[in-house]
Structure formats: structure tokens, C-alpha cells
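Colleague: Annotation source TrEMBL lists transmembrane segment at 24-44, 103-123, 135-156, 162-190, 202-221, 227-247, 309-329, 349-367, 374-395, 401-423, 444-466, 478-498. The annotation domain 'Major facilitator superfamily (MFS) profile' is assigned in TrEMBL to 35-501.
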Amino acid sequence: MGSESSLSKPPLIKLLQYKRNSSISFRTYQAIVLILTFFAYASYHAARKTTSVVKSALDPESSKLGSNWHYSPWSRKHVLRSNDASAGLGNGWAPFNGADGSAMLGDLDVAFLSVYSIGMYFAGHLGDRTDLRIFLTLGMVGTGLFTSLFGVGYWLNIHIFYYFLVAQMFAGLFQSTGWPSVVAVVGNWFGKSKRGLIMGIWNAHTSVGNIAGSLIASSLLRYGWGWSFVVPGLLIAFFGLVLFLLLPVSPESVEADESAGVDDAEDEVKSPCKDGEGMIDQPLLGSSSSEIVKEKAVGFMEAWRIPGVAPFSLCLFFAKLVAYTFLYWLPFYISHTAIDGKYLSSETAGNLSTMFDIGGVLGGILAGHISDRLNARAITAASFMYCAIPALFLYRSYGHISLYLNIALMFITGMFVNGPYALITTAVSADLGTHSSLKGNSRALATVTAIIDGTGSVGAAFGPLLTGYISSRSWNGVFIMLMVAALIAGLLLTRLVMQEVAAKVEVFRQRGNLPLSCEPELESQV
């Protein structure tokens, strides 16, 4: 194990240990992991956000259309419109500045999300069978390459739709490597007892990436829309190289001493309390490092059979449908809704829509903290989804009365919509990837994370697409669709909620027969 661990150590970690002539503390490793993975996935979202910002430059007329504008999947006339460079200056960029330009831009979104969701399943399968540090680096560099190639079309004067379509599809494929990898790495370093809160805070990278991507892309548009793709592409490639040099994938990979560092590590080793006649002596996150080397990664179908994976995956399908509908359509909805009798500009609407992301940051932190305190992920996720239903209704019904009321209701809606989304894609995925049914096998984190988020990403593709068609008839219909989706998401967790409630009842019933110091241990084992 020693030689294998040494070979898998990141180069800069080796250099730091050589310079210090001593080992790095467990807490320092945890800090390195949180910071690196935070900026890594923020850069993923920054690269992903650029397309929505540049749409107005590629097809200026889309911002002037009314509510009849909608996506038409796979339009018929995806052809070369013009070889004249002037076609892309001032009047948009061919072929996106024609009559079906908006539909083409919609096709890019659908293509990206479709390949992303399919690629997620394969990425998780590969992630559990390869070095996550190398796998994540390849994904980030590949994402940067194809994001930049989309922008290079500006300088090469490319007006062929399929060039941009293929670039987006490959960007989506490489982007699918990110989420299962970063969640697996964080799950390797943080114990279950505080995982919800830690990952709730950490999950702010999504909103930070979205906001950073919007600011970078919009600020570079004046120099040519190509820069809005190339700069985020270079940034994510740069962070990929930093991860290759510095990211410690797991405690075993750098021979970190868990017992010398943190409470979480101690929580994960064992419990000395008695449960009836036997001892509760089962690690939550896995087995010893020597056992991990001999393990085989969990198969795709085997991962689906882990208790909780299927219901949480299906729940995320509908939760992400709601979240991504807001991601892709909220600025458009705001700009085409009279607030206090006035219509806002596209720029103002875009800035205002960030309140949804800010509410989502708070929602993710609250959901993680509450689920930690209650030790009940399903109850927390389902409760947030049910609360999202009245929040959606109030935002649609009263958001137009005044700007301040719109901001407040948008913030609340973002909190309840993104709270369970953040919880399921982080703490729940990490929990299920180290489920007790795996008998200590820790090599399921990436596969389980990919299954859950991959299924959710299918919903993410459907939401914006359906919204395009429904909104052309009625925005009330869109919000009804979102409320029904939130209801279904909550109902899909009913069986798990009942199990958690039964477990809580059992804990309270047995608590009187146990020493006070053992009560938390009993609850965590249930």
C-alpha cells in the first residue's frame, strides 16, 4: 500500500511534505479539498453559463420577442447562412440571427443537457475505476477545450450550425465528469455527522459559478462574443491543471492519519456504545486502507439497488426540472412580466434573477444543517419540496405587484427549490455512496453520484424544453407544471420519510434505556 499511495500523491503535496520534512495535518487536507473542489466546480458552472449570456449577441432579436417565443427542437434549417463576416457584426451571428435562430439556440441547450445527462452515468462508472484526480483533470481540460472552440468560431468566421452543436455536445460530455468526481472526493474526506452542513455551504459553488460566468461573459461581449467562451474555457483548464498538481483524492492516497485530525474522523471509526447484546462497531465511511485496495468498484445495476438510490434519483428528476427551468427562463420571464406596471430591461432582469441563486445558497445551507440536526435527509428534502409549492404560487400570483415583493418572493422560491436539489446532489449522494449495504466498500461514490445527478439532469433537459412550448400559451401553465413537479418530487420520498419517522420513534422509545452519551450514536446508526 505504501508504494501505491506514494505514486498517487499529487506532485505539489509531495513537494510540500519534502520542504516541511513532516506530514500535513488532516484538517489541512480537508481545507485543501474543500477549496479546490469549490473552485473547480464553480469553474464548471462559469463555463456552462456563458451560452445563456451570449445568446443576446448571437440572436439580438430574441430579447425583443414577446411571450410567443418558444423552443422548437431540432429545427429543419440548420444550414450555412452566410460566409460574410459582416453577418456576425451588429446584427447577430449567422446562422443564429435568422427566423429560426432562437430555436437553434434552444437546440444547443437541449443537446448540451442531453449529452451531459447520458455522459453522467458513464462518468460515474469510470470515476470509481480510475484515479479521480486524473479523471477530473481530463474532464476540466476537455471542457475548457471545447468551450473555447465554440468561441474560436468567432475569429474563424464559422457560420455552420453543426460546428457549434458538436462543440456544445462535447463540452457537455466532458462537463459530465465534474459532479460525480468532486462529490466523491469530498465524501472521502468528510464524515456523515456534519456532511450535510459542510456540503450545503460547499454547494454555493453552483451559484458563485453562475454569477462569475455571467459577469465574465457579459463584460467581454464588447470585445467580441468569442472572448466570452475562450476566457472561461481557459480558466477551467487552468483549474484542472491546479487540481492535478494538488488535489488529494482520499486519506489513503496521501497516507493521512484520520485519528490525529478531526472529530469527523473519529466519528467515522467506531462507536463504543452497546446496542442490546451486541456492540455498534461499524464504520460509516468504509474500511481500512488495505481493504480498499482489494475492493472492486460497484457495478451500475448494483448501485441502482442500493436502498434509497432510486427514489432520490427520481425525486431529483423533478426537483432539477424545476430548478433548471428557473435557470434558463427566469431572466426571460422577468423581462416579459410587468412589475409595478413597468417592464424591466434584459440586463436588469438578468441581474435581478441572481436573487434566486442567492436564495438557493441559503436553502442549500439550511437543508444541509437541518438534515444533520434531524439525521433525516428524506424528511428534510420532502419538506422543502412541499414548501416550494406555495412559494411558486405566491411568486406567480403576487410577484408583479412591486419590485421589492418580487425580490422577496424570488429569494424564498430559490431557497425552497434549490435547498433539496443541493442536499440530494451532495450529502445524500455521499451517504448512499457509502451505504452500509456495500459492506464497507467505498468505491461507489462516483457511480451513485452519477446515477442520482444523471437522472436529475434528464429532468433538467425536459424542464426548459417544456417551458418553451407551454409559455407560448400561458405562463400560468408553466407554474402549474412546476408546482406539480415539486409535488411529485416530495411524494417520491414518501416511503423513505416513513422509514425515517419510524426510526425516530424507535430512537425515542429506546433512549430511556441508554446512557446519555450513547443517544447520538444510536440515532446515527438507525
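Cβ coordinates come from backbone N, Cα and C, glycine included.
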Colleague: Taking the domain 'Major facilitator superfamily (MFS) profile' (35-501) alone, what is its mean pLDDT?
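Modeller: Over the domain 'Major facilitator superfamily (MFS) profile' (35-501), the predicted model scores a mean pLDDT of 78.
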Colleague: Pairs 6 or more apart in sequence, C-beta under 8 angstroms, 3 or more of them: is that satisfied by the transmembrane segment (478-498) and the transmembrane segment (227-247)?
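Modeller: Counting Cβ pairs under 8 Å, fewer than 3, so no.
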Colleague: State the residues, same chain only, that lie 6 or more residues beyond the ends of the transmembrane segment (202-221) and have a CB under 8 A from a CB inside it; answer 'none' if no residue qualifies.
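Modeller: Same-chain contacts beyond the ends: 34, 37-39, 41-50, 53-54, 57, 186, 227-229, 231-232, 235, 327, 350, 354, 357-358, 360-361, 364-365, 368, 422, 425-426.
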Colleague: Name the range, of those listed as 162-190, 227-247, 349-367, 444-466, that has the largest tally of Cβ pairs under 8 Å with the transmembrane segment (103-123).
Modeller: 162-190
Colleague: Sequence-remote contacts (6 or more beyond its ends) of the transmembrane segment (374-395), Cβ cut-off under 8 Å?
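Modeller: For the transmembrane segment (374-395), the list is 196, 308, 311-312, 315, 319, 322, 363, 367, 406, 409-410, 412-413, 415-417, 419-420, 423-424, 427-428, 431, 479, 482-483, 486-487, 489-490, 493-494, 496-497, 499-501, 504, 523-524, 526.
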Colleague: Determine which recorded stretch among 162-190, 349-367, 444-466 has the most C-beta pairs below 8 angstroms with the transmembrane segment (309-329).
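Modeller: Between the candidates 162-190, 349-367, 444-466, the best contact partner of the transmembrane segment (309-329) is 444-466.
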